[in-house]
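This report concerns only the one structure given below.
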Amino acid sequence: GFPAPALYKQHAGPLQVATSTHNSPNPTNDADTAPKDSVVLPAYSTEDKYEDDPWNLPELQDNGLKWSELDTKGKVLRVLTAIVKFILLVGFLYMFVCSLDVLSSAFQLVGGKAAGDIFQDNAVLSNPVAGLVIGVLVTLLVQSSSTSSSIVVSMVSSGLLEVQSAVPVIMGANIGTSVTNTIVAMMQAGDRNEFRRAFAGATVHDFFNWLSVLILLPLEAATGVLYKLTKIIIDSFNIQGGNNAPDLLNVITDPLTDAIIELDKNVISDIATGDPAARNKSLIKIWCKTEKITTLVNITVPSAANCTTGALCWVEGNKTLTQINVTETINLERCNHIFVYANLPDLAVGLILLALSLLILCTCLILIVKLLNSMLKGQVAVVIKKVLNTDFPFPFGWVTGYIAIMVGAGMTFIVQSSSVFTSAITPLVGIGVISLERAYPLTLGSNIGTTTTAILAAMAAPGETLANSLQVALCHFFFNIAGILLWYPIPFTRIPIRLARALGNRTAKYRWFAALYLLLCFLLMPLTILGLSLAGWQVLVGVAVPIVVLAIFIIVVNLMQARCPQYLPSGLRDWDFLPRPLHSMAPWDRVVTSGMAFCGARCCCKCCQSTDDEEKGLQERKKSLEIYDNPVLTRDDEPQETSKETMKATQL
């Protein structure tokens with residue numbers, strides 16, 4: 001039987017409260033005693049409840065037996081199950097991190113040489129806006145801000161790029177690295193509310209980076225504040241080269257990832273610095289152990305003036321000879337990855353690894369979410385949610401966020417990748433373990449953590465490139481510090497949270513909008529800005545200024561429509577004077593939905609084969625819905641039309 005709570009009022013319609021009598025011993029008497037001036041409607045399922053706020057963290061309730069109610073066998077089984085689940089969770093997390101590493105390698109194989117070609121045009125890089133979008137595109141191609149930053153450092157060290165021109169590229173790399181966790185969030189599109197929270201948790205990183213660039217890029221172009229600050233630090237301290245950045249997570253993941261693929265990342269840097277021989281090299285590393293031998297070789301020169309400085313120079317007959325050093329690389333040991341003997345081009349190997357890594361990434365993410373949902377129940381869920389989301393007592397509540405920033409920085413330093421850390425917390429935000437307000441400072445700390453790794457890597461640079469490498473890394477560090485000072489200390493300035501929540505609501509309603517957002521923000525918009533920059537700053541200003549003015553006008557009008565519409569002209573108090581596709585997503589949603597339905601009907605044979613099964617299922621559902629229509633509760637003098645209408649409402 002069904003439980004018998006009171007039904008909920010439907011505020012939007014004529015439905016009134018009626019008491020369910022499924023379990024009543026004498027339903028006829030209840031119906032007979034109903035007032036004559038009221039309409040008693042059929043009973044409804046208890047699932048028709050008010051929808052909670054989707055941003056509230058869900059209660060992960062334990063539906064099983066309590067520990068005290070279990071016998072010895074049940075307790076042993078529960079402990080063993082928990083241990084197995086924990087081992088599986090660690091294993092899936094390991095595969096998840098390794099798949100992110102292989103995904104980065106795949107993107108470098110597919111677009112690494114193109115990224116090097118993009119960096120070759122130094123005249124374009126001198127334009128701050130063009131440098132910014134080049135940083136975004138290159139990081140998108142190689143899926144690693146560390147790789148794009150190392151290319152910039154190589155170009156600065158070789159004199160092809162000035163540090164001041166490298167700062168916008170570093171800002172763009174900071175934006176491009178946030179695309180990975182946005183892709184991860186799209187894997188949770190199956191559940192609407194999980195997708196809402198996960199996508200907001202991922203894009204809060206995007207909004208922080210874009211808003212920081214919106215303020216700091218014009219400031220840097222006008223004053224050079226980051227360049228001057230880091231220059232003072234470099235000149236003030238006698239900084240000596242140190243050891244390499246410690247390998248922490250890489251020690252665990254490298255055995256598996258190196259067995260799949262190893263790359264020679266120097267090829268991309270060599271292409272960017274203009275080495276013509278690098279264009280014909282493969283990014284796939286074949287020889288992992290090599291030795292370089294330098295020998296003196298006699299060569300013929302036109303005259304004694306062409307002899308090598310400090311080297312022997314002599315004449316034999318009609319020839320002038322001198323000696324030069326020739327370095328020869330001897331291959332000692334081949335690598336052990338699976339593509340070392342595959343005679344395939346870089347693009348083919350990249351596409352294979354791209355498909356493989358995305359498959360493993362999606363599978364691991366789905367399994368991780370399911371395992372977490374099954375493990376985080378009852379008292380465990382209460383403890384974890386309290387630890388992660390509870391603030392310190394008054395008056396120290398403000399300290400909690402800064403501790404979260406330090407935790408994010410420390411965890412990112414351990415895993416040595418902001419993409420890995422933010423991609424790992426994204427599903428936790430989706431299932432409701434971490435709130436959006438707590439994920440925001442963790443993400444900000446992740447931005448700082450990835451720069452500290454870059455600073456340590458720069459400290460290990462040779463003496464002649466140490467200053468430039470360290471200055472570029474410090475520019476990245478102070479850019480993130482300035483962004484945190486802009487968008488975190490005062491609660492009113494935490495605009496990225498509000499923007500991410502609004503985007504999460506939009507993508508939960510129209511899930512295809514997530515893919516559109518990715519294409520617009522990380523591909524189409526950077527490519528458009530890059531094209532306008534190549535055409536000249538006059539063209540860029542002529543096109544960008546009207547668009548920016550229009551965007552500001554729309555934002556101001558929207559705010560006034562929501563808060564003080566009486567100050568607007570009557571025609572601007574809503575957008576109904578525009579065609580509906582220009583102020584509503586509903587028409588576009590119908591187009592996308594119908595297009596997907598058409599493709600599904602055409603491409604999926606299962607749809608055609610299961611039509612009969614679907615019709616049978618529909619008939620069964622109709623029959624099951626009919627049980628909610630209790631004829632005892634229907635008034636004899638009630639019109640037949642009302643009964644039909646209420647039956648339709650019940651079925652809906």
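The first residue you see is number 1, and the count goes up from there.
Every residue, even glycine, has its Cβ placed from backbone N, Cα and C.
According to TrEMBL, the protein has these features:
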- 17-31: compositional bias 'Polar residues' (COMPBIAS)
- 634-652: compositional bias 'Basic and acidic residues' (COMPBIAS)
- 9-38: region 'Disordered' (REGION)
- 628-652: region 'Disordered' (REGION)
- 76-97: transmembrane segment (TRANSMEM)
- 129-153: transmembrane segment (TRANSMEM)
- 165-187: transmembrane segment (TRANSMEM)
- 207-227: transmembrane segment (TRANSMEM)
- 347-372: transmembrane segment (TRANSMEM)
- 392-413: transmembrane segment (TRANSMEM)
- 420-436: transmembrane segment (TRANSMEM)
- 469-490: transmembrane segment (TRANSMEM)
- 510-533: transmembrane segment (TRANSMEM)
- 539-560: transmembrane segment (TRANSMEM)
Contact set of the transmembrane segment (76-97) with the rest of its chain, CB cutoff 8 A exclusive, min separation 6+ beyond the ends, reads 67, 70, 249, 252-253, 256, 360-361, 364-365, 367-368, 371-372, 374-375, 415, 420, 423-424
If one takes Cβ-Cβ under 8 Å and requires six or more residues beyond its ends, the residues near the transmembrane segment (392-413) are 248, 421, 438, 441-446, 448-450, 452-453, 484, 488
Counting Cβ pairs closer than 8 Å to the transmembrane segment (165-187), the top stretch among 207-227, 420-436, 469-490, 510-533, 539-560 is 207-227
With contact taken as 3 or more Cβ pairs under 8 angstroms (pairs 6 or more apart in sequence), are the transmembrane segment (129-153) and the transmembrane segment (510-533) in contact? yes
Seg_contact(the transmembrane segment (469-490), the transmembrane segment (207-227)) with at least 3 CB pairs under 8 angstroms, min sep 6
yes
Q. At an 8 Å Cβ cut-off, counting only pairs 6 or more apart in sequence, do the transmembrane segment (510-533) and the transmembrane segment (539-560) clear the bar of 3 or more pairs?
A. yes
Long-range Cβ contacts under 8 Å made by the transmembrane segment (420-436), restricted to residues 6 or more beyond its ends, are 55, 57-58, 60, 93, 96-97, 100, 178, 180-181, 184-185, 188, 191, 194-195, 197-198, 200-202, 204-205, 249, 365, 368-369, 372-373, 376, 381, 384-385, 388-389, 408, 411-412, 442-443, 446, 449, 497, 500-501
Per the Cβ under 8 Å criterion, with at least 6 residues separating them from its ends, the transmembrane segment (207-227) contacts 128-129, 132, 163-164, 167-168, 171-172, 174-175, 178, 440, 443-444, 447, 471, 475, 478-480, 482-483, 486-487, 495-496, 499-500, 503, 521
